[in-house]
Amino acid sequence: RFIAKPCAINLGIQDSGPHRAQPNAILEKVFTSITKSPDAKRLEGLSKQLDWDVRKIQRWFRHRRNQDKPTTLTKFCESMWRFTFYLSIFFYGIRFLWTAPWFWDTRQCWYNYPFQPLTSRLYYYYILELAFYWSLMFSQFTDIKRKDFLIMFVHHLATIGLITFSYMNNMVRVGTLVLCLHDASDFLLEAAKLANYAKYQRLCDAFFMLFGVVFIVTRLGIYPFWILNTTLFESWELIGPYPSWWLFNGLLVTLQVLHVIWSYLIVRTASKALVRGKVSKDDRSDVESSSEEEDVTSNSTKGIFSTSSNGSNRLNGHVAGGQWTGE
């Protein structure tokens, strides 16, 4: 409200919504009570009832669906908040872990486990991350509605469960490594969205390509060969397969499966960009629930997060994926 909105206005982003549909009580009742996208049979019935052309009724429903879309200003403010948090928490984590012995030697995560001290810096890092994901859980019901709502809801539940579980079992050392690794790429995705909303297309594409590289390196390279290596093999060697070991590693391996899926979608998006000259869609993040419009073809040459179609988020879904599903 006090930072993101003035920044958006200075960049020329207006708080103007889409064209509003002509008031019509019958069509409004169908829209709110029956369907937002009537089939051909219902369109014919409405055409006879209202003495309107079928095409005119289709346009009315398209405009009515567009009314529920958030403005570019709203999306810019949401992305700027997430960009601020992801960037801040990533640098906080790097600064904290740089002096931590387990950052350089992952076997330190398991020495003297579970009798490891919980320092104040480690505690605040964990609590900040946990609080943020709780906020995402609740704000999903009030923020921009996306097609991957259910996937992201499950993702946030799993993330909160993993953070809480590792905290309760004092696996916070390896937990900090996982958190920091996942924060490394998220702020780049939000930066790409910000550039797109401000209509800096080349900057948007550059940020997205950089996001893709960092995402793949961290999720398909560092994560399996650094994180999973220590949770699966080093922990087995040093402390043995304790009961919660199976659940903890099961969740982490599941996360790796999601990483592979999201990476594939990112690579597919990037390959399309090389063919078309720019990224046409972000398959990971920012798909709104009202983006399936009849004129989608005319928007196919837009940028990563085309503002006219409210973007696209088939990747948590941050990942978009995540989120975006996210991480």
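Placed from the backbone N, Cα and C atoms, the Cβ positions cover glycine too.
If you check TrEMBL, you get these features:
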DNA_BIND  29-72  DNA-binding region
COMPBIAS  301-315  compositional bias 'Polar residues'
DOMAIN    27-71  domain 'Homeobox'
DOMAIN    74-275  domain 'TLC'
REGION    283-327  region 'Disordered'
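Regional average pLDDT for the domain 'Homeobox' (27-71) in the model is 81. DSSP places the residues of the domain 'Homeobox' (27-71) in helix, strand and coil in these numbers: 32 helix, 0 strand, 13 coil.
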